[in-house]
Amino acid sequence: MVTLYSSPSTHSSGPVASYSNSSIGLYNYHHNKQIAVSSILSRKFGSLQINQKPFWNAVRMQDGAVATPPSKIENETPLKKLKNGILPVAPPKEQKDTIDFDSNKAKSTVSITVVGASGDLAKKKIFPALFALYYEGCLPEHFTIFGYARSKMTDAELRNMVSKTLTCRIDKRENCGEKMEQFLERCFYHSGQYDSLENFAELDKKLKEHEAGRFSNRLFYLSIPPNIFINAVRCASLSASSAHGWTRVIVEKPFGRDSESSAALTRSLKQYLNEDQIFRIDHYLGKELVENLSVLRFSNLIFEPLWSRQCIRNVQFIFSEDFGTEGRGGYFDHYGIIRDIMQNHLLQILALFAMETPVSLDAEDIRNEKVKVLRSMRPLQLDDVIIGQYKCHTKGDVTYPGYTDDKTVPKDSLTPTFAAAALFIDNARWDGVPFLMKAGKALHTRSAEIRVQFRHVPGNLYNKNFGSDLDQATNELVIRVQPNEAIYLKINNKVPGLGMRLDRSNLNLLYSARYSKEIPDAYERLLLDAIEGERRLFIRSDELDAAWSLFTPVLKELEDKKIVPEYYPYGSRGPIGAHYLAARYKVRWGDLV
């Protein structure tokens, strides 16, 4: 009897690639299609011919790390071992020619390239987040940051631009100026076109100069419009990817406009990158209260038994901004509020909220459960959608412009700046429970929150104390994502004194009162996760497909039928149609009660 041993494959965030000194073990592990083991056994160890055609240059490991060849080994050595009944594969520590990534970790470097470095997102979010990570000591010892854009700029000019947006944490001001100087010294700039292989090759040369022979890993953050980032991915992959370490690319939304364009975008990305190299970022998944959602649910016994249709009457996901498009009208008009907020931010939060308990906290296990939820949802129907658009409004001496007053927006635009929708999950846990979404611009307040309204108490002894309006007795769990992060539970309580008078009180966890430490920005968490290879908060391609399949039909119907949005004044609570939509399912919007 012959026993073949081989080391298990390694799937870690780092570029670990271990190979046997045995040619047979190597081919059996990485190229088993080239060796028919069964035919070898059937010949009872007759003459053994091994095709040793090199294939190392074609082998690219997870995250783009390139496999390196083992030392040349004569055929008779593994053959003798095979005839003796065992074919061992040496463990990594015994392989002299394999790169020891653990020992090289201290010698490795991370090069971070912000593509589109002169844009608002880079200046306001990405560079400040990178500085915050540096300030907290979260970045690797050896790192370099490069800005890349078409604008002509020197290193000094980039540093001056970036320095204007950097701030130190409120709770840690020590050595702020010194830390800024140290950080800015690591920042450099290279000007080039996004579709130029030559310009990216020049960037690669500069990166290698700063990497100084260290084991290099590279992260590209694409802070550029989606119509040009495929060219940037192609050039970065072909001209500036890491030779031996990992190469990762962060891609900003929007990920297409519908199912078809999103799928085409994914196909284009996968011409140059593996799925493991693509980090589709949705910064709302990096919000503290969103990340805490699974902790709240799965580590507290009082919530998990209630987390189903038996106890929950409806769930509301509410997003509101107190300002209009203001400078982004041209971009926004191409997408609208449903694509900009609902299809990504709110739907991702819904998937985290409604998913089943994952097998583990591993990224793939969590994302598998999210995909199951999305695939269980009914495609959104036009009757379950209300759209609106804000109009000019004068308050006192101040006049606020309407959406179409923006010079970059067509005067006859029907693009919604507000939308409300009712969605349903057809599975055993959530059957019949309405999941309501509401998102809008130029509303009366800025907030993002999750509201869980529980069912009425059957046979409630105190119903008479609430009169005919039983909604006043509804228990409600509120998770306020922004601003002033908080979790509070609305309960019914007796008012102190004689008699029996009830009111609703809040059991309140206000983060600013409970925790003295400032909450990190979402971009800090997501950038750190990308550097460490943690994919839990990033969107997988099948998640994206499932999400678009829910919204694409209704988006097409809205545009084909040229549905006119309901107009609402700038600074108001939104169109009245949203109330009628909620009332159809016997629900009141919790933020308007």
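Yeah, the Cβs are placed from backbone N, Cα and C, and that goes for glycine too.
Note that the structure is a prediction, hence the values are computed from the model and not measured.
The feature active site, proton acceptor is assigned by Swiss-Prot to HIS345, with similarity to another entry given as support. Of all Cβ atoms in the shown protein chains, 23 besides its own fall within 10 Å of the Cβ of HIS345 (active site, proton acceptor).
For GLY116, ALA117, SER118, GLY119, ASP120, LEU121, ALA122, LYS123, ARG150, LYS253, the entry in Swiss-Prot reads NADP(+) 1 binding site. Note on ALA122 (NADP(+) 1 binding site): other Cβ atoms within 10 Å of its Cβ, all shown chains, come to 24.
Taking Cβ-Cβ distances under 8 Å and a sequence gap of 6 or more within the same chain, the neighbours of LYS441 (D-glucose 6-phosphate binding site) are GLU321, PHE323, GLY324, THR325, ILE337, TYR390, THR417, PHE418. Feature annotation from Swiss-Prot assigns D-glucose 6-phosphate binding site to LYS253, HIS283, TYR284, LEU285, GLY286, LYS287, GLU321, ASP340, LYS441, ARG446, GLN482.
For LYS438, ARG451, ARG480, TYR488, LEU489, LYS490, ARG573, the entry in Swiss-Prot reads NADP(+) 2 binding site, with the evidence type similarity to another entry. DSSP assigns LYS438 (NADP(+) 2 binding site) to a strand segment in the three-state reduction.
Taken from Swiss-Prot, the feature disulfide bond applies to CYS168-CYS176. Under 8 Å, Cβ to Cβ, and six or more positions away along its own chain, CYS168 (disulfide bond) finds TYR135, CYS176, LYS179, MET180.
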Lowest local Cβ density (other Cβ within 10 Å) among recorded positions: CYS176, LEU489: CYS176
Cα proximity to ARG150 (NADP(+) 1 binding site), best match among binding-site residues GLY286, ARG480, LEU489, ARG573: GLY286
Of the recorded positions listed as HIS345, LYS438, ARG573, the one whose CA lies nearest the CA of SER118 (NADP(+) 1 binding site): HIS345
Residues satisfying Cβ distance under 8 Å from ARG480 (NADP(+) 2 binding site), sequence separation of at least 6: LEU289, SER447, ALA448, GLU449, ALA486, ILE487, TYR488
Spatial separation of LYS438 (NADP(+) 2 binding site) from TYR284 (D-glucose 6-phosphate binding site) - C-alpha basis, Å: 16
